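Student: Before I ask anything, here is the structure I am working with.
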Amino acid sequence: NTDNWKIAKYPLGPVDNQLTTRGYLWSLNGTLINLGLDRRRRLSGGNLIISSLDRYQDVGIYQCMAYNTGGAILSRRASLQFAYLDHFKVHTRSAVSVREGQGVVLLCGTPTSSGDLTYAWVFNEYPYFVQQDNRRFVSQQTGNLYIAKVEPSDVGNYTCAVMNSITKGKVQSSPTSLILRTDGVMGEYEPKIEVNFPDNVPAAKGSTVTLECFALGNPVPEITWRRANGVPFPSKVKMKYSNAVLEIPSFQQDDTGGYECVAENKMGKNTATGRLAFYAKPQWIQTMKDTALAIEERLDWECRANGRPKPSYTWLKNGQQLLSEDRIHVEDGVLSVSVLTLADAGMYQCVAENKHGVIYFAAELMVLASPPDFTGNVLRALLKAKAGTTVTLECKPQAYPIASILWKKGNLITLSPDGTLRLANVSKSDAGSYTCFARNRFGMSSTTGRLLVTDPTRIIQGPVDMEIIVGESIVLPCQVASDPVLDVSFSWAFNGQLIAKGDGHFELVGGRTAGDLMIRNIQLYHAGKYICVVDTDVESLSAVAVLIVKGPPSPPDSVTVEEVTDSTAQLAWSPGRDNGSPITNYLIQTRTPFTVGWQRVNTVPEIIDGNTLTATVVDLNAWVEYEFRVLAKNSVGVGEPSPVSVKTRTEDAVPDAAPGDVGGGGGSRSELVITWEPVPEELQNGESFGYIIAFRAFGEVSWTHVATSAPGASRYVYRNDSIAPFSPFHVKVGTYNSKGQGPFSPVITIYSAEIEPSGMPAGVWARSVSASEIEVNWQALSFTPERVLGYEVVYWEDDTKPETMGKVRVPWNQTSVTVSGLAGNTQYFLTVSAFNTAGTGPFLPAINVTTKKPPPSQPPLNVEWTLIGSHLSLYWEPVVATESESEVTGYQVSFSLLCMLHANWTAELTLPEDDDDYIIRIQTLSEGGLGPASEPIRIHQLSELAVDILMTQSISVADSLFTRCHYCPAGLQEMLSSSALNATLHC
């Protein structure tokens, strides 16, 4: 259901306040639906059911009214729309002729539709889709294909494929041919932005915002994004398709403002700008509640909602809009009704709306008129009070309008304007029964209670002040003497906070007159004031004790770094409190941006005694920012750490670490790719860190050196047309920074890039193994000048289902593979090619194979069995395959390590004679594979120990046909080869 603002605010009109029935009404586009004359629409409960949906008659805005004798309310509005996707117009599209190096836009020409669409472009023939990169982009806003710089490989036919995300319907355009002109090559030119975003883009809170930007140009432009205010993008922002798409998930207020897309190449740059605006539907921040008021009282209700823009308010009563008149005042979100009458009762709704949405909130108003009623508010049958205190008896009947009150005890009668009777300094003579009488113009009622006066309660043993060590346990006593008629309860407070029962350190112990507090495993924070609170029916009293706890030292303070070198730092600090035990020594810890948590460090002196307040930290890394903290230790333990020192950077030094994991290889033709593991920042030892890459071909003496100043670099590509494919090179990588050159890595051997295989496998054939598997076979390449690492099998259902395309790769010495996870009874197209690190070679023409029908989905049912000794007889109901399933060729009976195949739906077998449980399952067999298993049968066999059961067991099955068992354990096959079973059971 979504809000829509194309109808009148209250399409159902007024509803009479004196409704005598209950039910529901519906409107469409502001007009009441007459269900008595409409055969396609009917009600089920409050739901509107529409049969034979019509795209033109049923589209629009719906709203429901629910009503009964208590009133009526309106639902929110709901919009019903229909998704569709028409076909492309059938016509031949003109060829597009461009120069090499020129940019081009191929128009999709999307047919009429409703609902979200996704676009893709097919190159020449399915399943070859245009792969998006920095040169090619498919806009999901326009559907068009943009090629920034045309290359000869782009020549061919392009087809626009459109899918409706709701209906899943797909259509394809006529192909558009892209050809190269022969009158020259396009020169270099500055970027021209062809895909950009609107000047103003509204976005809802929490939504995902997508902005597109793509430019034509030669050389191919580079796309970058930035915010107009210069604020960096948060980590949630994603760049896709070589920065052509900017995606902002969970859009918030902070994401609003100007955005800029910059397309740049060496010939110049171009910029597209726009703004993201934040909007929000109304949301309630204050609402009213169901209210019951006495007749002639005043009603005041207020509702408030936030939203952008600010919402406006309307009030409804029983579905009808309220306006200010007579006793009713409506202003903004406030409704006031003075001098209530019974006619004012009903259902009220506050409506908040802005241009992005509307929300409703409903509450009921009940207007009451009744005689006094003490139900739920009678006087306590027995009220206890301590002698000498003041007792207050309250008479609060429910009465509309308010009743007059009088009190009676014996022959004494007292009038009470507010219904309260106060007795000061009570004594035993004040005990007795008290009756309250209440009267208004609708009637009279009364309630009676008894007052009992008790003796005071005394604490006879309370807690005392104590000193204790961290980790010990104590009991604080609290015992009382009280009147036997009183109920006594105990509670404890610690430093002004009530001690909860769930706290593992505290436990309340004792009986009716004792509430001792046990404190286990005392900690420093348990020091403070403890109060025992004693509560009875009539009074509350308390006793106080102070607990002193000794523990580890408090944190040291004022940690400063006084002198720093490239590997040391001198620290000084001031001591913290010793908490009752002298400090014996100090510990120093450090943290850097590269460590996980705090680490212990080496110091001089190695052990820092409690009287020393300076030390030198050693073995630090050069040019790294450190933080330090100090911990104190005494006989009780180690205390909390000090505040962290100011961040301090050690001095710089020449690098002493070489890059690791040096390697390489691969890449494009005439390239030498060199890779390494970058040196961690904490080991770079200074500014201006970089790498020196040295390489030479086999047989050469001199090295070629190249430097890169990117400290995070992990790859270098050397390009030279003279480099032969897959030729060996010696490689080493060193480091340097502003202080000088560091060490080189050991010399290793890598190979230059190779080229794709030029040959194609031969003799490709395939067969269906089951409903989900196809076996593909081919002949290995007999000779190819390029290296072959393996073979790639590509498969798909048909040209209209790109999502079904998949591929499998196998090593060079393998000439077959089984493709699994396929759909049953489905035709698949397959092709095979060779591959190496440079890519795949040419594909063979596609062949097609249809998978077998799936096995029956129904397991064997109604399995019955009889066990006599070790002889087990099984019976089950035969399974009949449907037309879309494979025929049943037999059944597999499995138990323990044995699996037996049967043609009929009965089986007799002998269980091994050992004391064990056996789980038996039955499955159908078909050319599509094994069907689902029957419910497992658990059979417990009690017998003497049997030896070599598998070697002597005989299986007798009436009319049984044994076939291949697919799931027999490997060890069983060898055992069966010498048994009497091998004549009929092949596993």
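Each Cβ is built from the backbone N, Cα and C atoms, and glycine gets one as well.
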Student: With TrEMBL as the source, which of 90-118, 641-669 is set down as region 'Disordered'?
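Tutor: In TrEMBL, residues 641-669 carry the label region 'Disordered'.
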Student: Average the pLDDT scores across the domain 'Ig-like' (191-277) and report the rounded value.
Tutor: 94
Student: Could you check whether the domain 'Ig-like' (86-177) and the domain 'Fibronectin type-III' (555-653) come into contact, where contact means at least 3 Cβ pairs under 8 Å with the two residues of each pair 6 or more apart in sequence?
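Tutor: No, the domain 'Ig-like' (86-177) and the domain 'Fibronectin type-III' (555-653) are not in contact.
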Student: In terms of Cβ proximity under 8 Å, which residues at least six beyond the ends of the region 'Disordered' (641-669) contact it?
Tutor: 555-557, 559-561, 564-567, 569, 571, 573, 576, 589, 591, 598, 620-631, 675-679, 683-687, 689, 691, 717, 725, 731-746, 748, 750-753, 755, 837-838
Student: I'd like the per-state residue tally for the domain 'Ig-like' (86-177) from DSSP, helix first, then strand, then coil.
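Tutor: Across the domain 'Ig-like' (86-177), the residues distribute as 3 helix, 38 strand, 51 coil.
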Student: How about the domain 'Ig-like' (372-454) and the domain 'Fibronectin type-III' (760-854): do they have 3 or more C-beta pairs under 8 A, pairs 6 or more apart in sequence?
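Tutor: No, since the domain 'Ig-like' (372-454) and the domain 'Fibronectin type-III' (760-854) share fewer than 3 Cβ pairs closer than 8 Å, they do not count as touching.
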